[in-house]
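Participant: Sharing the record's features from TrEMBL:
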- K41: active site, proton acceptor (ACT_SITE)
- K41: N6-(pyridoxal phosphate)lysine (MOD_RES)
- R139, M321: substrate binding site (BINDING)
- 252-379: domain 'Alanine racemase C-terminal' (DOMAIN)
- Y273: active site, proton acceptor (ACT_SITE)
Amino acid sequence: MSETAQTLRARAEIDLGALRANVRALRGRVGTDVQVMGVVKADAYGHGAVPCARAALEAGATWLGTATPHEALALRAAGIDAPVLCWLWTPGGPWDEGIRAGLDMTVSGLWALREVTEAARRTAQPARVQLKADTGLGRNGCQPADWSRLVGEALAAQGEGLLRVTGLWSHFACADEPGHPSIGAQLETFQEMLEAAEKAGVDPEVRHMANSPATLTLPQTHFDLVRPGIAMYGVSPSPEVGTPADFGLRPVMRLLGSVALVKDVPSGHGVSYGHHYVTDRPTTLGLVPLGYADGIPRHASGRGPVLVGGKVRTVAGRVAMDQFVVDLGGDAVEPGAQAVLFGAGDHGEPTAEDWARAADTIAYEIVTRIGSRVPRVYLNE
Ligand SMILES: *Cc1c(COP(=O)(O)O)cnc(C)c1O
């Protein structure tokens, strides 16, 4: 790894070997009859979409998933030609570009079906369309009461050669809360909606429902394909589901900063904006050059854990835009020493889950919000 000036201040190391191993572990869990879609939305949860998409495919994922069409088109622009499903469309598309790029385009309602059909007429090319069912999440997707009309109009367009219905799918609300009663109810509704669509004449390539927690804990939800995101990055969907190690998964991202200053201060010295931390003895302070502009949650002020000089310290006072302080308690730490905010956790460093607890959020948000000012350094390419 090259230590360029840019990566000296801070860097997020992305272990693509760990990502490939995680994909293989997930494939082992679902068996050979079930395909794996690597979800790489939001710049692969902050890990870098293109390198992570390539690594996932190398390890046997056969599909990729994104939220927006622009994320999917960026994969195509990088030369990735694997099947890509994207699910968050707004009026205006870009449907024509999606058709030309051979994307699988999710349709949850009649407005989208009409726009994609018009685009197929314009481009004189059939669209690949996956119909999304709202089986209880109450977010995107088609309500059961509206399903037969959506399916019927999609089949009519398919009959005209304007599209092919390639998939039927849905998404869980509470798969990360083992035993939640909505899980069984959603599964039952999905089975009914599948049956209705197939009876009407849909013959999909893939039927799918499982996100990471369902992939890990609910084999009855795997159908033809699973859509893991967070698990592929070696992070647990929730503490209730288990730790990454429980499932043979290893965290992919390690976030480091280089200590920028170490100085002695007297007792009674306030630290950082608002003086929410005041030294209770003469001590030494270490400055870590990462802040909320880099995605370090300000909400973890006074709480976030950092490994510096062989010990886990706690953020002293507020996280600022570009930096925060730790109390080193007189320990011998030199400027340039590594401050590890989170990583795999097996070298004494905190994990993204630890930061999530400190910031009252989920580990998804911790890794995904690491900002563009932090260079990603790829290991084991
Ligand atoms: C984000 C997302 C996923 C992946 O969810 P994880 O919990 O990260 O596995 C799967 N499907 C859809 C529709 C999503 O939006």
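Even glycines carry a Cβ here, placed using N, Cα and C.
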Participant: Sorry to bug you, but what's the C-alpha spacing from R139 (substrate binding site) to Y273 (active site, proton acceptor), rounded to the closest Å?
Facilitator: 39
Participant: In the structure shown, which of the recorded positions K41, M321 has the fewest Cβ neighbours within 10 Å?
Facilitator: M321
Participant: In Å, rounded, how far does the Cα of M321 (substrate binding site) sit from the Cα of K41 (active site, proton acceptor)?
Facilitator: 26
Participant: Cβ distance under 8 Å to R139 (substrate binding site), same chain, sequence separation 6 or more: which residues?
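Facilitator: Within the chain, R139 (substrate binding site) has Cβ neighbours under 8 Å at H171.
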Participant: Measure from the Cβ of Y273 (active site, proton acceptor) and count the other Cβ atoms within 10 Å, all protein chains considered.
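Facilitator: Y273 (active site, proton acceptor): 13 neighbouring Cβ atoms within 10 Å.
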